[in-house]
Amino acid sequence: MKDLFYLSLLLAGLQCYMSSETTLSSARCSDCHSNATCEENDGLRKCVCKDGFAGNGFNCSDVDECAFPGSNVCPAGACVNTLGSYICQCPSGFLLSSEGGCRDIDECSTPNLNRCHSLAMCTNHNGSYSCSCPQGFAGDGYSCSAKNCTLISCDFGADCFKNDASRICADPCSNYNVLDNYWRSTSYGSGNNCDSNKVGWYRFIGRGGERMPEACVPTHRCNTDAPLWLDGSHPSSNAGIVTRTACAHWENSCCYWSTAIQIKACPGGYFVYKFNGTPACSLTYCTDPTYVGNPCSCNADEECKLINGSWGCYCRKESNDTDIRSLQPELDCGTSQIKVSFSKCQLENAGFQNIIIYLKDDKCAGFEEHNNRSLVSVVTPTQAGKCGTLLTKNATHATYSNTLYLADGIIVRDNEININFYCSYPLDMKLSLETAIEPIISSINISTGGTGMFTVQMALYRDQNYTSPFEGSKVVLSTDDMLYVGVMFDDGDTSQFVLLMESCYATPTKNATDLTKYFIIQDGCPNRQDSTIAVAENGVSTQGQFSLQMFKFVGNHNLVYLHCQIHLCDVSTGACKPSCSRRSHIGQQQNQGFALEVGPIARQGFEFLADSSFSLSFGLHAAWSVVVPGIMALALHVFP
């Protein structure tokens, strides 16, 4: 009975499996459900529901991955089912953490995350926050207004101001008069100004200075006879309104006259002072021209503010930055990478509070960087396939393109912002090599004392433009074809050295010491006995170029290997360009040489020899089997 029971289960499972994939021997693939694919095998077609759907192929329904804990990777309670898939979304007030859980968002850490009034106190809770107005102010915390101070005292940090027929409590940091007088500076000479009429709250600005001096000022300064200075220190940002003594220097006494004043440190790094005239004339409240008032090191698009008792840099509110259509990304087309950047403040002013930015491959996500201003940037290498980047080429340019996605948070309900961007580069010998798929290339690294590391490469090209390198796993040419060879170096002190091809020769085997050699270049000059050889560039820059008509070695040899001995010539020690009319042996004045080799090049009709040779060449086959440019690291041959 037990065996019969298991057999029944097996048949039921088989029936269930067969019902989810329906074979179409005579029907059309168009009969498949919109959420199914049509697959063909041995002449039979069948409808198979896509991942995330279940059914027989004709009818496919969504699978709720959130219904079973093992079918999703979300934290508990954070799974949200979507059509054909699911997303992980934490409850309001929480954010997905890198460890895979949900962590509380501290809405009080920055004003952009809460709606509290600027005077209110923000208190963070698990998954939420609350706002409360300070004493002396009425409201729910999201809106706070000053209480009437006719019968009551104002609370911490506030003072009583006349408002029409009544008196209200208000913050003196936003209720003051401005004193912009350069002659208040302690470096200014004598005068007869008197501040007996200065009653109320004031703020100093301008070239004279932004706060009072904290040391005795010599007489006959600040455009007056007896200058007033602060006998004490200025308050900190969380001290509120404090009372200090202002002293006037006269008749060899630094505090001949004195008067009480009040001071408060304000958001933005400045101070406001409450004066009640002067005890005599002529007395003037001086300013210190050496004081730098801003306590924050903010970027150009930020301002220093005092929030919840702490100074911080916050984005300036620009009225023209609130429209998403005004977003202006910055595009930097670099030699090795492309970077797209947005002003972080511009994004925040446009309503983005939790900025998420990424490319087609969402693993390439945005990051913050700070220089003169805060930027949110994303980077892709200038390489096809990386970060979803596409490469297109024509005869003159290589163009890399991608799409940037910008969202406010991990879910999107409105339209997601997509920005297409591209960078075009004019093709040269090096760039065309970098953009080729599986280029035929040889490479070595050279360390030159005191100058750093150089990378030297040799590659085979199709024409005299040196912008179309041979690609794939082999090169096949006839004896009527021209071959173009380019050698280049970079990643070092290219201002001090030029590349010199000392000698280049061909062999019928991979062995660089093969006794059968055909010299193409000797002592930096072309072989004059072969009229097809042309050296386009040698010893004058970071690259060398030569060409010749293809050939074969006599006998049963249908493969050709190229070898080049190169030097990095120090331009400060003398001439590096070969003088081929005199055929001088320039190799003796150079440092050690380095050898590059590439091949084989197969004669047309003997391609199979190249295939077998490549598979036997140590390291070559593996280097050329990748999709990205395969750079082959060769053994280093040093020549005396």
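Placement of Cβ uses the backbone N, Cα and C atoms for every residue, glycine included.
Here is what TrEMBL says about this protein:
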DOMAIN    62-99  domain 'EGF-like'
DOMAIN    104-145  domain 'EGF-like'
DOMAIN    332-583  domain 'ZP'
SIGNAL    1-19  signal peptide
TRANSMEM  618-639  transmembrane segment
Tertiary contacts of the domain 'EGF-like' (62-99) (same chain, 6+ residues out, Cβ under 8 Å): 35, 50-54, 105, 107, 126-128, 354, 410-411
Secondary structure tally of the domain 'EGF-like' (104-145) (DSSP, helix then strand then coil): 6 helix, 16 strand, 20 coil
Residue distribution over DSSP helix, strand and coil in the domain 'EGF-like' (62-99): 6 helix, 12 strand, 20 coil
PLDDT averaged over every residue in the domain 'ZP' (332-583): 80
